[in-house]
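In TrEMBL this protein carries:
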DOMAIN    8-113  domain 'Acyl-coenzyme A oxidase N-terminal'
BINDING   THR120, GLY159  FAD binding site
DOMAIN    256-417  domain 'Acyl-CoA oxidase C-alpha1'
ACT_SITE  GLU402  active site, proton acceptor
DOMAIN    450-624  domain 'Acyl-CoA oxidase C-terminal'
Amino acid sequence: MVSRNRSQVKDHLGSKVLNHPELRNTKATEYMSHEEKYRYNLSRATAMLKLIDEEGMDVNEISKVMSHTVSGFTTPDGNPLAVHQVMFVPTLMNQADDDQVSRWLGDVFNGTIVGTYAQTELSHGTFVRGLRTTATYDPASRTFDLHTPDVSAAKWWPGGLGTTANHAVVMAQLYTDGQPRGIHPFMVAIRDRETHRPLPGITVGEIGPKLGQNTLNNGYLLFDHVKVPRENMLMRNARVNEDGSYTKPSHQKASYGTMVFTRVAIALDTVDALQIAATIAARYSIVRRQGEPRDDGQEPQIIDYQTQQLKVLPHIAACYVLRASTARLWEHHTHVTSEVRGGDTALLPELHATACCLKALVTQDCSEAIEALRLSCGGHGYMTASRLPALYAYATAGATYEGENTVLLLQTARYLVKQAGGSHAPPAAGSAVTYLSRPADDTPFAVGSPAAYVAAVGRVARGRVTEVAAALQADRQTMPEADAWNQSLVQLVAAALAHGRYFVVREFAEVVSQQSSSRAIQQMLQLLFSVYLAHAVSRAEGDFITYGGLTPSDIRLNRRHLLRLLAELRPHMIPLTDAFDLPDRLINSTLGAWDGDVYRRMFEQASHSPLNTDEVPASFHQAMLRSKL
Ligand SMILES: CCCCC/C=C\C/C=C\C/C=C\CCC(=O)SCCNC(=O)CCNC(=O)[C@H](O)C(C)(C)COP(=O)(O)OP(=O)(O)OC[C@H]1O[C@@H](n2cnc3c(N)ncnc32)[C@H](O)[C@@H]1OP(=O)(O)O
Ligand SMILES: Cc1cc2nc3c(=O)[nH]c(=O)nc-3n(C[C@H](O)[C@H](O)[C@H](O)COP(=O)(O)OP(=O)(O)OC[C@H]3O[C@@H](n4cnc5c(N)ncnc54)[C@H](O)[C@@H]3O)c2cc1C
């Protein structure tokens, strides 16, 4: 499996799970209790882990397996082993030293150790430096004392922590030699491997129901002076020696590496959810007919309403554009990580800046798009059986976890304003920010020219970044740094998003120009790109006038152009979503099956309601008749 790309891994595993004896048969989970749902999802997650093992996948491929296309089928209510796979294992691989890797990894892969990534606390998630769990080193016993000072410092949220994991990588404030040393990762056993009972000094449990993803098994965790051997601090980066002396990491934020990786993975994966939602809405929009009959005597297909085209088609274009740019980000991450492992951290700041803004842009765009697609399915889109609510719940969680989006965009903005002000190391060749130190691209705007649109998107990014950098610089002369920064927050976020948009469209422009296998494919990619660009302009008309060099007349022309492009794309809508190659069973939607047999499926799913088992449910007698008396 080692050389397969993500799409091949997804297809391979997709067909494996659909034929797997323990995975191929699914149950409707809507009517299960919280506990039953957890058991169902956990047993499927475990079967999936065994399958991964049988397939002999390495850690890189395990992350590919987390493709929502596959995991949404295997664990529809959230994978209680997701954080084990996506964060715990990669943290050990990248932050444990070689001795530690050989000590733990065997037990991880044979399933004896199941872990989570325990960073967030009740009172601190965003501000990692503010975490209050302590790890105090005692040279006499050569142990760390892990302690939760009060309930507000309880770990809260880690996936799988509730009742699944028996180990955790715990991010805690290290104290050694009487000095605070910042946040460091510790491998901590929290439950007995045999009995699964919490170990002495550990309080652990599940946090309760959420908007969605209810079997992620998010948990809480408190330590009452729990002793952890010195060898359990992950020591690839920083070290605590036996006498308590401390060796700094090669990069100050080296211990944040898992977060960078997971942001990249989330960006990539959320596009899977958008592809599924777009396929459902496209198929339903063809099947659904409603309105005054036309000349042929038939009511119109709803996709032929211009408003419906605007609700559905730009998001199909977004699937293609965002898939390409997030795949490029994944490749870039792989490259930079290998440089960092070799000791060269020069590319890390920009990778961090790019991962932050793409994770934020993609999860924001995808969750807004999935909600628009849900609305495009009218009442039936509100039903759980359409799958659209669960897809939305999944995508919008991505806007919060692994760094709340506003906070991440501010990280990107920090990098951008430093670049614009020349106070950061100059960008490396091929950097995504070289445009900030060059004159603006003055390609005149012309409707119908993708290159002209890309140039305008670049001018918006450049204009946004340089303007806010100047405002910040001016404010810094008259007020403290924190106030100056706060004064510009809204504009900083807008600048980072504009930069992200420019990154995305440049990457796709390259994909289109490099595509050489077929003229027809090239034309289709160009059409999709034109739709994406025209839609991007229509969503931010003010920006394109203020910074992009467009006139009010260009804006009017773009509005008409977008609608024309949508009409042009409409006949290709079904082939374009079929091309995502999603089998019906993986889509799992009453509205989105390939044969379009929507209404029969809706009736069929209604038959599962426990309230339909008896003609008159017992509750009628118990609740309603009694209340009449
Ligand atoms: C495969 C698909 C999987 C999809 C998912 C599947 C299923 C879902 C299942 C589960 C959910 C999965 C994951 C969720 C798990 C979590 O949520 S874990 C918790 C995540 N938490 C966060 O992300 C916290 C966000 N906060 C931060 O990252 C930091 O606090 C901060 C905002 C970045 C600030 O850090 P701080 O230490 O205070 O920074 P400081 O101000 O001291 O310094 C800033 C400088 O540091 C640089 N920097 C910051 N981070 C990094 C980094 N990661 N790498 C490199 N550099 C970094 C920053 O650029 C500044 O540099 P300067 O040069 O000083 O400007
Ligand atoms: C489903 C789910 C799974 C999770 N899984 C895990 C896990 O496995 N492990 C783990 O450790 N954690 C996990 N988390 C926690 C998650 O990482 C945090 O919730 C997330 O990082 C946001 O932090 P917060 O909750 O502190 O939000 P807050 O920071 O409190 O955000 C609240 C508001 O404050 C604003 N804000 C905060 N700081 C700033 C600032 N500096 N500037 C401007 N605005 C600011 C935000 O923009 C937001 O609008 C999970 C969360 C969820 C929802």
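Cβ coordinates are placed from backbone N, Cα and C, and glycine is handled just like the others.
TrEMBL: automatically predicted annotations, no manual curation.
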(request) State the count of C-beta atoms found within 10 angstroms of the C-beta of THR120 (FAD binding site), not counting that atom itself. (result) 19
(request) Provide, as an integer number of angstrom, the distance between the C-alpha atoms of THR120 (FAD binding site) and GLU402 (active site, proton acceptor). (result) 10
(message) For a three-state summary based on DSSP, what are the helix, strand and coil counts in the domain 'Acyl-coenzyme A oxidase N-terminal' (8-113)?
(response) 73 helix, 0 strand, 33 coil
(message) What whole-number Å value do you get for the CA-CA distance of the residue listed as 'active site, proton acceptor' and GLY159 (FAD binding site)?
(response) 12
(request) For the domain 'Acyl-CoA oxidase C-alpha1' (256-417), would you mind checking the mean pLDDT of the predicted model? (result) 96
